[in-house]
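Annotation source Swiss-Prot lists disulfide bond at Cys27-Cys114, Cys30-Cys103, Cys61-Cys72, Cys148-Cys151, citing similarity to another entry. The phosphotyrosine feature in Swiss-Prot is assigned to Tyr73. Taken from Swiss-Prot, the feature region 'Interacts with HSPA5' covers 126-169. The signal peptide annotation in Swiss-Prot covers 1-21.
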Amino acid sequence: MWATHGLAVALALSVLPASRALRQGDCEVCISYLGRFYQDLKDRDVTFSPASIEKELIKFCREARGKENRLCYYIGATEDAATKIINEVSKPLSHHIPVEKICEKLKKKDSQICELKYDKQIDLSTVDLKKLRVKELKKILDDWGETCKGCAEKSDYIRKINELMPKYAPKAASSRTDL
C-alpha cells in the first residue's frame, strides 16, 4: 500500500517542473532588450515611476526591429498590439526588479515571449557569399534596411551586398580579399 502511494508521489513530482527559473538561453531577446532599456533609463536619469517607464518603453519600442519589435508587440508596447501587458514590465521595473525576474513573469503570462531568439549573425568578413542561399542574402540586405529592386539572380544580390558592405559593415568590407 505504501509503495503505491510512494510511487504516486514520485510520479507526481516528476511530472511537475522542479523549478520555474529560466534556463541558460531562455528569453534571450526579452532579457537583452529589457536590460538595454533599463540601462538607457538609468543613463538618462528618468524617473522610475510605472507611468514614466511605460511611456519610455513605448518610445523605445518605436525604434525596435525584428525580434525586438515582436517582443514589444507581445507586451503591448506597439500601436498594433492585441494585448496590453506592458504594466507587467513597467511596475516591476519601477521597483528595480532584475529583468530576468520580469521576463520569468512574462513567460508565465505569454510563453511566446521566451520563445523569441535572435537570428544567428553571418560573419561577412569570412563568409563566401556565393555559398549562401538567396533567402539569406535577402536577409542581409533587409537587416541593413535595404532592398534590391531588379535583382533576379543570386549574383545580383551578391553584387548589391558587396556594393553596400563598406557603408553597413566597414570592418568586414576592409577584411575581405575577394573584392
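Cβ from N, Cα, C; glycine included.
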(message) Going by a 10 angstroms cut-off between Cβ atoms, which of the disulfide-bonded residues Cys61, Cys151 has the sparsest surroundings?
(response) Cys151
(request) Measuring CA to CA, name the entry from the disulfide-bonded residues Cys27, Cys30, Cys72, Cys103 that ends up nearest Cys148 (disulfide bond). (result) Cys72
(message) Please report the Cα separation of Cys61 (disulfide bond) and Tyr73 (phosphotyrosine) in Å, rounded to an integer.
(response) 9
(message) Neighbour count first, Cβ atoms within 10 Å, every protein chain included; then name which of Cys30, Cys72, Cys103 tops the list of disulfide-bonded residues.
(response) Cys30
(request) Cα within 10 Å of Cys72 (disulfide bond) is the criterion; apply it to the disulfide-bonded residues Cys27, Cys30, Cys103, Cys114, Cys151 and give the hits in sequence order. (result) Cys30
(request) Sequence order is fine: just name those recorded positions in Cys30, Tyr73, Cys103, Cys151 with a Cα within 10 angstroms of Cys114 (disulfide bond). (result) Cys30, Cys103
(request) Just give me the nearest neighbour of Cys103 (disulfide bond) among the recorded positions Cys27, Tyr73, Cys151, Cα to Cα. (result) Cys27
(request) Could you put numbers on the helix, strand and coil content of the region 'Interacts with HSPA5' (126-169), residue by residue per DSSP? (result) 28 helix, 0 strand, 16 coil
(request) Round to a whole number and give the Cα-to-Cα distance in Å for the pair Tyr73 (phosphotyrosine) and Cys30 (disulfide bond). (result) 12
(message) Say we define neighbours as other CB atoms within 10 Å of the CB. Which of the disulfide-bonded residues Cys27, Cys114, Cys148 has the fewest?
(response) Cys148
(request) Would you mind checking how many other C-beta atoms are within 10 angstroms of the C-beta on the residue listed as 'phosphotyrosine'? (result) 18
